[in-house]
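A.B. asks: Structure provided below as structure tokens; questions to follow.
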């Protein structure tokens with residue numbers, strides 16, 4: 001059936017009847033720090049009536065029976081079935097929190113842990129932080145004596161294992177949204193399997209909207225016989241609340257999905273009935289571009305006398321909360337909402353009224369290239385699971401339609417699921433955590449999806465260069481153990497621990513805290529030039545790190561005033577969080593007796609301290625007009641958001657991360673002196689024979705691969 005779209009032509013496979021019924025599933029986010037808001041269709045009922053309306057309620061006793069009789073229960077439950085909020089409460093009601101025991105529930109994202117904890121506390125009539133609490137990075141809202149249901153990120157669960165390796169206070173651990181397969185989800189999965197062998201009483205629930213249940217069952221099942229009666233793991237499926245969704249594909253590919261998204265929205269508005277539109281794109285820049293184009297289209301349609309108007313709204317993680325909330329505001333019957341979103345709308349929010357979904361077919365993910373040692377954000381095709389999840393957004397409240405901006409043949413060639421983070425990430429933080437947990441032979445660790453060997457070697461080399469590992473790949477004392485205690489990238493941890501030696505711990509604390517917060521600068525589409533002009537007041541020629549320091553110090557000087565932030569187009573909540581993060585990091589520096597010192601306005605000690613942690617992320621300006629990495633001569637460019645963009649390019653820079661769009665762009669960039677690299681990382685860099693050249697000297701890093709096996713020696717020196 002041809003879809004009502006002009007230049008973009010769709011067709012729906014199959015019959016003229018209802019399309020594919022899509023059940024939503026949750027997918028890992030690249031931009032996931034936004035506010036979670038969940039639409040509740042039963043809000044008018046009492047709390048108890050709402051609980052009983054959820055599909056999982058009918059299976060309450062069966063779930064408790066399975067948990068009593070199996071070490072591991074894999075629960076596949078569609079979005080909205082109630083598994084995240086209800087199962088922990090069923091466990092508490094059945095006695096699993098008696099005698100001081102705790103039910104722990106992990107979430108892959110901080111915002112989900114906080115939101116679900118708040119909902120469960122509300123349902124139980126409890127004060128959040130007492131019986132029900134949450135623990136996320138830099139924010140522990142629990143009571144050691146009173147908390148019985150604890151929501152936490154998977155990363156925080158792994159950190160708890162550093163103090164209590166067998167998780168002795170927990171009776172049940174529930175891994176929610178396990179299919180997202182984040183780095184720390186996979187670490188937790190491997191560690192929990194080891195713990196279960198020591199603790200037969202520990203119960204594990206692996207829950208998700210959609211996952212490869214058989215793979216999880218095979219991984220956790222400790223039955224070594226052919227007798228199914230001796231299985232230790234079982235699968236349970238819970239139904240949900242979804243409506244049929246008709247799927248439409250393109251008849252032929254289009255070269256520009258941004259333009260096609262705009263055309264599709266306009267045609268739906270002109271030819272389809274009531275219902276709001278949700279369009280998926282890959283990032284903030286694309287979202288803002290499409291929003292601007294659609295606003296122009298809406299004005300043009302209004303001039304033609306069209307009675308129904310379009311209200312176009314952006315939705316992405318870095319959008320201020322008050323802007324995000326606009327997508328939930330009711331509109332009159334003469335207005336149709338169009339929400340243009342990143343994949344934050346796949347999982348972190350649920351919006352009522354969506355009937356039409358437009359899927360561009362791409363997503364922005366973090367990927368690590370072990371050959372270049374660069375981790376960056378890249379735009380890649382979505383998985384089939386993610387595409388189905390997007391389509392399901394149109395079937396929440398009634399039957400819907402999904403327009404995919406790609407062919408059915410292209411859909412069939414998409415991967416079934418997204419590659420786990422473990423296989424596409426920088427593994428230095430992972431290895432550091434495993435080493436701190438006593439896992440000496442990380443290459444023999446039971447990963448559910450083993451990471452590439454080259455990525456492991458690259459991570460070991462970096463940790464060795466930072467001084468966190470010795471030549472035998474053991475954690476160094478005290479530096480390695482201290483780096484492992486920081487809930488940060490090892491480079492940030494090293495920078496913080498060295499800050500006292502450089503006499504600038506006060507400044508480095510502020511910089512490190514600010515670098516943990518995304519989108520500090522707010523640029524409203526209708527005030528772009530004004531916002532950029534105001535932001536330039538904070539900029540310094542040294543680069544982004546000191547610019548962020550200026551922003552933070554100005555925020556503190558103005559008593560953390562929200563009005564001041566609004567006037568200066570700054571993310572108030574982000575800055576408040578940066579202040580909280582700074583206090584947490586400060587406690588660690590006090591613990592490790594790092595001297596409290598300030599550089600008193602001198603930038604050099606601060607810059608040198610940054611280099612002491614980020615020396616591996618160095619690049620030099622090339623005659624071609626681009627930058628080249630010192631390590632592998634990879635071409636990089638300064639990101640347009642950097643204060644150094646469009647300025648006279650510094651000869652040498654260091655950066656925090658790289659993102660890939662049309663080019664590889666460095667973000668959070670600061671100018672440095674090449675001599676600092678030789679001075680602060682002589683083990684990593686050596687002076688070349690020609691002027692202004694450096695060698696990358698890789699130390700001898702030995703990796704024990706097998707118990708009785710061999711040693712792989714890395715001893716390379718590359719002249720650039």
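Including glycine, each Cβ sits where the backbone N, Cα and C put it.
Okay, these came from Swiss-Prot:
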- 64-229: domain 'Helicase ATP-binding' (DOMAIN)
- 77, 78, 79, 80, 81, 82, 83, 84: ATP binding site (BINDING)
- 176-179: motif 'DEAH box' (MOTIF)
- 261-438: domain 'Helicase C-terminal' (DOMAIN)
A.B. asks: Under a three-state reduction of DSSP output, how is residue 82 (ATP binding site) classified: helix, strand, or coil?
C.D. replies: coil
A.B. asks: Once the chains shown are all counted, how many other Cβ atoms turn up within 10 Å of the Cβ of residue 81 (ATP binding site)?
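C.D. replies: If we count other Cβ atoms within 10 Å of residue 81 (ATP binding site), we arrive at 23.
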A.B. asks: Can you tell which of the binding-site residues (77, 80) has the fewest other C-beta atoms within 10 angstroms of its C-beta?
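C.D. replies: It is 80 that, of the binding-site residues 77, 80, has the fewest other Cβ atoms within 10 Å.
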A.B. asks: Taking the Cβ of residue 78 (ATP binding site) as the centre, count every other Cβ atom within 10 Å, in any protein chain shown.
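C.D. replies: For residue 78 (ATP binding site), the 10 Å Cβ neighbour count is 21.
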A.B. asks: For the motif 'DEAH box' (176-179), provide the mean pLDDT of the predicted model.
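C.D. replies: In the predicted model, the motif 'DEAH box' (176-179) has a mean pLDDT of 87.
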A.B. asks: Write out how many residues of the motif 'DEAH box' (176-179) are helix, how many strand and how many coil, based on DSSP.
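C.D. replies: Across the motif 'DEAH box' (176-179), the residues distribute as 2 helix, 0 strand, 2 coil.
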A.B. asks: Cβ-Cβ under 8 Å from residue 82 (ATP binding site), same chain, 6 or more residues apart: which ones?
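C.D. replies: Once residues fewer than 6 apart are set aside, residue 82 (ATP binding site) is near 51, 54, 55, 56, 57.
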